[in-house]
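**Q** In case it's useful when we look at the structure, here is the feature table from TrEMBL:
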DOMAIN    33-140  domain 'PH'
DOMAIN    150-185  domain 'EF-hand'
CARBOHYD  Ser201  O-linked glycosylation site
ACT_SITE  His320  active site
ACT_SITE  His365  active site
DOMAIN    496-612  domain 'PI-PLC Y-box'
DOMAIN    612-741  domain 'C2'
BINDING   Asp710, Tyr711, Asp712  Ca(2+) 5 binding site
Amino acid sequence: MLHKTVTVFSGSSLDICIHNSKNKYNGDPDLQFLLKGGDLLKVKSKSWRKTRLFRLNEDCKTVWQQTSKTFKSDSSFSLEDIDSVRYGRQTEGLQKYTDSSVEDRCFSIIFKGRRKNLDLIASSKEEAKRWVSGLEKVMTGMHSLNRQQNSEHWFYNCMRKADKNADNKMSLKELKHFLRQINIEVDDSYAEMLFKKCDTSNSGTLEGSEIKHFYDLLTYREEIDVIYGKYASTNGQMSSGDLLYFLQNEQRESVSLEYAKKLIEKYEVDETAKQNKYMSKDGFLIYLNHEEGSIFNPAHKPIYQDMHQPLNHYFISSSHNTYLMEDQLKGPSSTEAYIKALMKSCRCVELDCWDGANGEPVIYHGHTLTSKVLFKDVIKAIKEYAFKTSQYPVILSLENHCSTEQQKIMAHHLTSILGSALLTQPLGHQMPNTFPGPEELKGRFLIKGKRLNKLDAAFNNNATEDVDSVSEEDEAAELKEAEQKPKEKIKLAKELSDLVIYCKSVHFSNFEHSRDNQAFYEMASFKESKAMNLAENSATAFIHHNMDKLSRIYPAGSRTDSSNYNPVPLWNAGCQIVALNFQTPGKEMDLNQARFLPNGKCGYILKPEFQRDPASQFDPANLRVGPWLKRKTLHVMIISAQQLPKINENKQKSIVDPQVKVEIYGVPDDIASKQTHHIDNNGFNPQWNTKFQFTIHVPELALVRFVVEDYDAASHNDLIGLYTLPFTSMQNGYRHVPLLTKRGNLIPSAGLFVHIMALDA
């Protein structure tokens, strides 16, 4: 990669983006279209529509937009901040504020996090499609860059910003400014020494090859030199045999010489070395920065688990009050919240249904100030986005508070909008006695809710029946009041009842009653406190309950801020549908993202066999001898970090003081946390070389979390980046760890470099 970098400085330009991005699409009409840009109609409301100029900046990483008739310097947004680009009227704003006649001229830019969508109308269908295809192409190209390429791209973009007078040269003053930009604080004497060492022309500025020399000095990684030198035993270079020895003995991979040769062919940048089946130091670094050198096992990236087991044998990615964008009391309800959850491969979403105006049921958090969204609009959004990231079944968990008339409307919308994808009969020709698997239910929707009768009862009963109107999430409160006043009753419409097949909602009394009286398709919902109590005090019974049936867990009603509970103890107890507030970032959602990271991110993870085997006596809190006990000693060395982001971009002199925490989550005996010392004023290339050791008793339930923080002696440390993954998906050896933001988005250039060794204890 550094061989390619030389070409950037062969002339006098710092336009690294043209080298990295434009060359990739050289002559591409879509890219040329974006660079030229054009007028688009920006839509915010019925009355607010303004024509604004948009274009892709020369860096090919940001889009400039005209924010008003006067041009502003801060009117760009990064392509990294874009979650997706949607063609057509695919947002609430465009559906609400535009007519269907402009459908084919509309498109929307959806941002990550809570930033509002950008709804736009082009002058023609062709122009709209070119904007969408062009943006998607450039974004795909950016995402396909490996970490080394992203690192170089980021480095030179920072350099461009530091070049205040845009003369493609760097003065000493600009160099000092640049060092602060890339998150490193050095004293003046070091900066001057670095500058003089690179200023071979004695011109008082750095340009061309001198900047290349400066880049090499600054990005030199001693730890890579040491590792490469240890294994490059063939005339100072790493032969295919040397590489194989490294892979087998250091990385602990069972691979062949042919595999080592393929890595050289794939990553070596020097053609002579490639022909001789050698890997240079540059090629070695590129390999370490690709997925083969990542801490996450690439074999776990696609779907690799058995997907034919009964549905209740899987952990299922699940959302609570999915319609909410913010808090539980006054925040907005939106179809966008469903889209975001589904695009994260959430496979169980919640619909809190109430009678609405004009005979149309609505979804909102009842008896609060949260806004309302039409039930039919939610079903349309679910239909559109349910299977874009995963083909495995989606469960629609209905909280039904509607009259029978509007329940019939709900049933009509479900059947007419979802069509044949909606499961309305059990699979097969006879009454089942267990769940089908995710594979058999691919592309299907399952309704969870109340049902009038048993699944094997006659389906032609036209009568309605009284059922509890109590929301499952109010059960605990209602039970406390049961002696004071009778429960309310509502009628349940047969049309809606008949759509409930494998997920009939029932009340939970105790495990013995459930074992003797509850059919496999009858499932209970548990408030977090009740579920945590059962998981702590009756774990084995809870696990056996979940071997036959589904259990759904939801946050306490007191979490009005949409905070989350720790899902790990519930997974330890075999609970499948552990519903979280997807809109709220934090440790709990990090753990959820990690749990569902492997297996194609499909939203289904097969539970360990000891949580599926009826003979198992597994108890997370009392680890007797059993198949779950596979003790491992985990050795972790935190070696270094690269290009950590600044916490406060507005303060140029604000440099982070990074420290790293390694946390283990799993059964109680495995919970642990250790941290490095902090390093003052260096977020660019800090080095720790700190070793930790952990004992893991139940590796199949363990999650490993890396957290990089900005140390602050006076207040709470700020998060810089994090990464969490299952213990069983970690690779041994020297590995790069990608870093994510608090909302789970990749920080392209940043990462940790670690050494991992998991040994049998």
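Cβ atoms here come from the backbone N, Cα and C positions, even for glycine.
Just so you know, TrEMBL annotations never went through curation; they're auto-generated.
Are these features on the surface or tucked inside, and what are their neighbours?
**A** The average pLDDT computed for the domain 'EF-hand' (150-185) is 74.
In the structure as shown, the Cβ atom of Ser201 (O-linked glycosylation site) sits within 10 Å of 12 other Cβ atoms.
For His320 (active site), other Cβ atoms within 10 Å of its Cβ number 28.
Other C-beta atoms found within 10 angstroms of the C-beta of His365 (active site) number 23, with every protein chain shown included.
Helix, strand and coil counts under DSSP for the domain 'PI-PLC Y-box' (496-612) come to 49 helix, 23 strand, 45 coil.
Counted within 10 Å of its Cβ, the other Cβ atoms near Tyr711 (Ca(2+) 5 binding site) come to 16, all protein chains included.
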**Q** How does the domain 'PH' (33-140) divide up by DSSP, counting helix, then strand, then coil residues?
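**A** So the counts come to 35 helix, 37 strand, 36 coil.
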**Q** Taking Asp710, Asp712 as the binding-site residues to compare, which has the smallest set of other Cβ atoms within 10 Å?
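**A** Fewest other Cβ atoms within 10 Å, among the binding-site residues Asp710, Asp712, is found for Asp712.
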**Q** From the recorded positions Ser201, His320, His365, pick the residue whose C-alpha lies nearest to the C-alpha of Tyr711 (Ca(2+) 5 binding site).
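**A** Ranked by Cα distance from Tyr711 (Ca(2+) 5 binding site), first place goes to His320.
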**Q** Excluding Asp710, Tyr711, Asp712 themselves, which residues in that chain have a Cβ inside 8 Å of the centre of the Cβ atoms defining the Ca(2+) 5 site?
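**A** Here the non-site neighbours turn out to be Val656, Asp657, Pro658, Gln659, His678, Glu709, Ala713, Asn717, Asp718.
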**Q** Quick check: of the recorded positions listed here (Ser201, His365, Asp712), which one has the Cα closest to that of His320 (active site)?
**A** His365
**Q** Can you tell me the CA-to-CA distance separating Asp710 (Ca(2+) 5 binding site) and Ser201 (O-linked glycosylation site), as a whole number of Å?
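**A** Here the two Cα atoms lie 39 Å apart.
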